[in-house]
């Protein structure tokens, strides 16, 4: 009954708002930015945030769209006698307003963190029961984004309505401040968040915490396969584990409210280049937030060239806002040392009539893979124009910035003469309308109504294409 109420109320609200499906007008495309947790955890400071922001700007990532700088847990030293949150003066000697001002003056947006519990996950003061005063603290300090966790929640979970009410309290408090604040739930998908998240928030985590492994199982992430409704979400979840859990959820996300598959592990740990490309591509394709988890001051050239791949980012920022669908998934006999091995095909519509597709190889050996128009346009039927048209195939990674150019940018702390896309000067939407070639990849062939798209996909890798109707 609660879920039926949510669907009914959302439909009514949508009818009133009309022009925007977002509950607060934010999140019309998935958020992009940087969060300190994956690399630095509690080792946070004013200097870290400001130096990171400067670096993101200097190497062109801000102009690619990575505009949120998000301070995660461990920033507080407690509360005053009247209950107001206090920033740790050793870590943040000039206070949070100073951080916000510096970021805003450099065209960034400032994110902070709390938990819908008595404490945060690291044991600092949480916001459960303090929603209004904490929302006012965030607003008065110029915060533009709140990541809201799920630790120490005093048992207030176990049914969708219970979790919904706990998270709605902060949603209402943020809205009451009058400041536009992007609201990012981090409740690990507990209590079917994908059903009710968009009613009160702009994004919601849908699994346990990620770690930089492509397929490796971990007992601390107990649910596997397509088990998206986990009683215990855990942490140390691999990239493929999270992706498989997300597969059925795309139908519940869209403009204003996004499934969050967790921060990006590109440049974190020891993922291969093919694994990092597949990870970034799939997060982009399912319209997950693109939040950098790496130390951008010590980024490999190859990882930088992934984060700066505008043709892939354009898939994520496509104004149609429709997450791709997994069309098929098959196990393969060539498994890795963890017993993991599978192949998948994903497809999704784009704003201008294009289609994005991915052939994903989770096996340990390079593999010939193919697809056809019936699979690509899986919801079409005989007689549909999509199935009777010829389509040009564009490789979304073929125009990737080479490692030498990337290294030069990183070493010189400047984009210089490199042709890195600038979404500040020309948005992805406008760039696509103007047919900016950097957003479409490189044409490699075409497919006819009765043809096959054939390719060889590397181990733990991806073939990632945009299809455009032939003219």
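Glycine is no exception: its Cβ is also placed from the backbone N, Cα and C atoms.
A 10 Å cutoff on Cβ-Cβ distances gives residue 149 (active site, nucleophile) a total of 25 other Cβ atoms nearby, all chains included. Residues annotated as active site, nucleophile in Swiss-Prot: 149.
The C-beta environment of residue 209 (active site, proton donor), restricted to residues of the same chain at least 6 apart in sequence and closer than 8 Å, consists of 188, 234, 235, 236, 237, 262. Summarising the annotation, Swiss-Prot assigns active site, proton donor to 209.
If you look up Swiss-Prot, you'll see 72, 73, 147, 205, 251 marked as substrate binding site, on the strength of similarity to another entry. The number of other Cβ atoms within 10 Å of the Cβ belonging to residue 73 (substrate binding site), over all protein chains shown, comes to 21. Mapped onto three states, the DSSP output places residue 73 (substrate binding site) in coil.
The disulfide bond annotation in Swiss-Prot covers 42-74 (among others), and the record cites similarity to another entry as its basis. The DSSP secondary structure for residue 42 (disulfide bond) is coil. Around residue 42 (disulfide bond), the same-chain residues at least 6 positions away in sequence with a Cβ under 8 Å from its Cβ are 73, 74, 122.
There are 18 other Cβ atoms within 10 Å of the Cβ belonging to residue 151 (disulfide bond). Annotation note: residue 151 (disulfide bond) sits in a coil segment as assigned by DSSP. Taken from Swiss-Prot, the feature disulfide bond applies to 121-151 (among others).
Marked as disulfide bond by Swiss-Prot on the basis of similarity to another entry: 221-237 (among others).
Counting only residues at least six positions away in the same chain, the Cβ atoms of 208, 230, 232, 233, 234, 245 sit under 8 Å from the Cβ of residue 223 (disulfide bond). In the three-state DSSP scheme, residue 223 (disulfide bond) falls into the coil class. Residues annotated as disulfide bond in Swiss-Prot: 223-230 (among others).
Neighbour density for residue 82 (N-linked glycosylation site): within 10 A of its CB lie 6 other CB atoms from the protein chains shown. Residues or ranges marked as N-linked glycosylation site by Swiss-Prot on the basis of sequence analysis: 82 (among others).
DSSP classifies residue 175 (N-linked glycosylation site) as helix under the three-state reduction. The 10 Å shell around the Cβ of residue 175 (N-linked glycosylation site) contains 16 further Cβ atoms across the protein chains shown. If you look up Swiss-Prot, you'll see 175 (among others) marked as N-linked glycosylation site.
Summarising the annotation, Swiss-Prot assigns N-linked glycosylation site to 270 (among others) and lists sequence analysis as the type of evidence. Secondary structure from DSSP puts residue 270 (N-linked glycosylation site) in coil.
Taken from Swiss-Prot, the feature N-linked glycosylation site covers 403 (among others), and the record attributes it to sequence analysis. In the three-state DSSP assignment, the secondary structure recorded for residue 403 (N-linked glycosylation site) is helix.
The annotation N-linked glycosylation site is assigned in Swiss-Prot to 412 (among others) on the grounds of sequence analysis. Packing around residue 412 (N-linked glycosylation site) is summarised by its Cβ count: 12 other Cβ atoms lie within 10 angstroms of its Cβ, all protein chains included.
What Swiss-Prot lists as N-linked glycosylation site is 417 (among others). DSSP assigns residue 417 (N-linked glycosylation site) to coil, not to a helix or a strand.
In this structure, residue 422 (N-linked glycosylation site) belongs to neither helix nor strand by DSSP; it is coil. Taken from Swiss-Prot, the feature N-linked glycosylation site covers 422 (among others).
Look at Swiss-Prot and you will find 435 (among others) tagged as N-linked glycosylation site, backed by sequence analysis. DSSP assigns residue 435 (N-linked glycosylation site) to coil, not to a helix or a strand. The Cβ neighbour count for residue 435 (N-linked glycosylation site), using a 10 Å radius over every protein chain in view, is 10.
The feature N-linked glycosylation site is assigned by Swiss-Prot to 454 (among others), with sequence analysis given as support. Long-range neighbours of residue 454 (N-linked glycosylation site) (same chain, six or more residues apart, CB within less than 8 Å of its CB): 368, 369, 370.
Residue 147 (substrate binding site) and residue 270 (N-linked glycosylation site) are 27 Å apart (CA-CA, integer value). In three-state terms derived from DSSP, residue 82 (N-linked glycosylation site) belongs to neither a helical nor a strand segment and is classed as coil. Listed in sequence order, the residues of the same chain lying 6 or more apart from residue 121 (disulfide bond) and placing their CB within less than 8 Å of its CB are 73, 115, 149, 151, 152. In the three-state DSSP assignment, the secondary structure recorded for residue 251 (substrate binding site) is helix. Under the DSSP three-state reduction, residue 205 (substrate binding site) is assigned to strand.
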